[in-house]
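Some notes on the structure that comes next.
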Amino acid sequence: MPRKKSNLNNASTREARRKRIKRAHQLAEQIESRNLAQRISTAEGHAQESQEQCNERLQENIIRTRAAGERDIATSNATEKSNLNNASSKGSRRKRVERAQQLPEQIETRNAAQRIRTAESRARESQEQRDERLQQNITRTRVARERNIATVRALDRQRQRISRSLTRASFVRLAFEYAPDINYSAHSKIAIGGMDKVCQYCHALKFRNEAAGMCCASGKVVLSPLPPEPLLSLLTGNSDDSKLFLRKIRKFNSCFQMTSFGATKICDRASDGRNFETTFKIQGQVYHKNRITDANA
């Protein structure tokens with residue numbers, strides 16, 4: 001069915017094209033004869049119409065005439081507006097060129113004349129005109145400010161997205177690929193300021209640009225104060241144990257740092273139940289627990 005309809009449309013289009021070509025080649029006498037025959041045929045058709053058909057035809061003619069008139073008016077207005085816009089654009093362009101070529105003295109003279117004209121115009125304003133002008137200025141200023149704020153926010157969001165994408169691309173898994181010959185603290189993306197900020201909850205020193213809550217989770221983590229003993233007695237140097245501790249403090253520190261590891265398995269008995277020196281495994285490696293004495297310290 002669609003193919004049949006397409007064939008009919010093509011046939012009507014070819015017939016209309018053939019008639020237009022034929023009319024274009026007609027002589028003046030042939031055109032006059034065709035128009036006369038058309039008028040006679042139209043008059044006969046009108047004579048055979050009933051009153052209802054005549055009224056319907058006249059109403060359709062009125063509607064078509066009105067639509068054509070409105071279309072012509074719209075076209076004329078659009079043409080006139082386009083001409084005015086072109087003229088104003090040309091005038092604005094000419095003024096911009098003239099102002100660009102003015103000397104500083106000419107610019108100052110023009111601005112002074114403009115200020116005088118503005119002052120005179122405002123002096124002639126009534127109170128209603130002044131209020132209307134001020135209201136228009138307020139509206140224009142508000143619209144311009146909102147537009148500028150939206151533009152600035154869009155630029156800030158774009159800059160932040162670019163910065164985050166560059167940071168993620170540059171420092172992904174960087175802690176597992178640490179290079180000692182690179183000064184990471186001098187990098188612009190890692191600059192977090194000096195350690196001169198005091199936490200308001202735990203009073204710990206923090207970096208200026210450090211993320212909030214890294215030290216005590218904003219006061220949620222509270223550590224009990226350390227008791228003075230036994231560390232105080234070991235640091236005074238008044239006893240033999242204190243002197244030994246201060247002399248071997250680096251070795252003690254190396255031993256105590258093992259307490260930060262978590263052992264996965266601790267063995268202190270053999271398969272036959274006998275006791276022996278305790279061993280433990282940390283990340284698959286076997287360590288022995290030795291007793292710290294003055295001899296091996």
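Cβ from N, Cα, C; glycine included.
Annotations in TrEMBL come from automatic prediction, not curation.
Marked as compositional bias 'Basic residues' by TrEMBL: 16-25. Same-chain residues lying 6 or more positions outside the compositional bias 'Basic residues' (16-25) and placing a CB less than 8 Å from one of its CB atoms are 31, 34.
For 74-90, the entry in TrEMBL reads compositional bias 'Polar residues'.
TrEMBL lists 117-134 with the feature compositional bias 'Basic and acidic residues'. Per DSSP, the compositional bias 'Basic and acidic residues' (117-134) is made up of 15 helix, 0 strand, 3 coil.
The feature region 'Disordered' is assigned by TrEMBL to 1-25 (among others).
Residues or ranges marked as region 'Disordered' by TrEMBL: 66-137 (among others).
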